[in-house]
Amino acid sequence: MELIVPTHEGFCSFHSTLTSKRLSGCHNKRSSLKVLLRQNKVFAISRSETLGRLSSVDKRPHVVENFEEFESNNYLRRLVRNGELEESFKHLESMVYGGDIPDIIPCTSLIRGFCRIGQTKKATRILEILEDSGAVPDVITYNVLISGYCKSGEIDNSLKVLDRMSVAPDVVTYNTILRTLCDSGKLKQAMHVLDRMLHRECYPDVITYTILIEATCKESGVGQAMKLLAEMRSKGCVPDVVTYNVLINGICKEGRLNEAIKFLNNMPSYGCQPNVITHNIVLRSMCSTGRWMDAEKLLADMVRKGCSPSVVTFNILINFLCRKGLLGRAIDLLEKMPMYGCTPNSLSYNPLLHAFCKEKKMDRAIEYLEVMVSRGCYPDIVTYNTLLTALCKDGKVDVAVEILNQLSDKGCSPVLITYNTVIDGLSKVGKTELAIELLNEMREKGLQPDIITYSSLVAGLSREGKVDEAIKFFHDLEGLDVRPNAITYNAIMLGLCKARQTDRAIDFLAYMISKGCKPTESTYTILIEGIAYEGLAEEALELLNELCSRGVVKKSSAEQVVVKM
């Protein structure tokens, strides 16, 4: 079959009159014949397709095709299956232009493909082509497009698709829209959609109610959510463990832990057994309120009832113990995890490493870093950032640089905060040359320096007396459209004052104000100390008194400046 690929504009003007031309005989004979043949439809069952949580079976009626149309649809399927979206779209246009009716299954897959890459307009165009071709999109086709709009945050467009659907929406349609509205904090609008759903005799399921109950908990509190739960039961819809978990989480967030524990214990009487997620929600709340004994008891109760704790369960408890400084008990719990069939992950070790670093036990932190690697648990970037921050604060920047250089070999790519941590550490110990090398390295890796990167370098160079170089970096910062903050300006002024260039520092203050950056108390005390440092103590004291009288500098800060003078 000869494929004629029209331009997009030509097709747009053509498709709107396609049907009338076919029926009036104005279109070519082959197209007219195909339309007449389809007036006597013979249906066949096509393959099944699942969508979302409800695994709908797609038993779509499909017209028996002639050989040319069969080959054309077969080619469309191959293109879609190979992920050739643009070629598929062009072929679809060509098919319809030639009078062929496309199979809705590959077209639905094509809509999904464009939605995945954020091209919802193109996906909508495919639906329009389908509708104009004489094919009948089913509810799954519409659901895929609605889901695409919801994922891209175009909720209004998803509602427009709902309004124009040529088939009855199903519960998946509504649940997709309700979830997006509720996640966006639009509960009131979600309730209107629920009313429309009931009006069209599409009955909510457990997912529908759970979505609404969760949103109600967040917006109006558990009390209102409980009313929705009662309505759910009255409609004959049985809550599941996810529904109860949402409610228990809401109760815990309201600080009513005892009620949450009672609710947890009563779940079996409601015909629903609590799962590990239920217990984890309550455990987290117990730990956040310091009720460690209750948490231990709940863990034992879980095991006794045959609900195996997960790695998340242990991570909650380890994190709590580390925050309380009970590192010995945290390590004991970590070592017991394999007994319960749980393998520790980086989130199990990170609280321990953080606690060791906080207590300045760097040797223990590095020891446990080696332990986790030896056990096949590879540290993540959070692990390394924690360790690097502690090493730099402890002045062990050489060790930090060594670890940073090894990260890529360990399969863990440094991020902006990783470089900023080490650059700041190097700048503070007078190793700005090495810090600048790291700046260049991060740029080569495609990481864009930010205000923190440059502020660290500017401060470090100023401290080393390299003020002109610091000013150069300052202007680099401006060239990147990154607005310097007061800390950056203060660092330059401090360097100028130390170099006995107070006049330039005062000019820099004027520049700071002209750029809309408000001076801080530190800005003024730096300048006053600079003036005094140049031998103008009386003038500095007079200026200090004036600034105090205006309330720009606090009396306590002024007293500290006088002592230094």
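The backbone N, Cα and C atoms fix where each Cβ goes, glycine too.
Feature annotations, reproduced from TrEMBL:
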type	residues	note
REPEAT	103-137	repeat 'PPR'
REPEAT	138-168	repeat 'PPR'
REPEAT	170-204	repeat 'PPR'
REPEAT	205-239	repeat 'PPR'
REPEAT	275-309	repeat 'PPR'
REPEAT	310-344	repeat 'PPR'
REPEAT	345-379	repeat 'PPR'
REPEAT	380-414	repeat 'PPR'
REPEAT	415-449	repeat 'PPR'
REPEAT	450-484	repeat 'PPR'
REPEAT	485-519	repeat 'PPR'
REPEAT	520-554	repeat 'PPR'
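The list of residues near the repeat 'PPR' (138-168) in space but at least 6 beyond its ends in sequence, with Cβ under 8 angstroms from a Cβ of it, reads 49, 51-52, 56, 58, 60, 104, 107-108, 111-112, 114-116, 118, 120, 123-124, 127, 130-131, 176-177, 179-181, 184, 186, 193, 200, 202. For the repeat 'PPR' (310-344), the model's average pLDDT works out to 93. Long-range contacts of the repeat 'PPR' (450-484) within the same chain, counting only residues at least 6 positions beyond its ends with a Cβ under 8 Å from a Cβ of the stretch, are 416, 419-420, 423-424, 426-428, 430, 432, 435-436, 439, 442, 491-492, 494-496, 498-499, 501, 515, 517. Long-range contacts of the repeat 'PPR' (345-379) within its own chain (CB-CB distance under 8 A, at least 6 residues past either end) are made by residues 311, 314-315, 318-319, 322-323, 325, 327, 330-331, 334, 337, 386-387, 389-391, 394, 396, 410-412. Residue counts of the repeat 'PPR' (485-519) by helix, strand and coil are 26 helix, 0 strand, 9 coil (DSSP-based).
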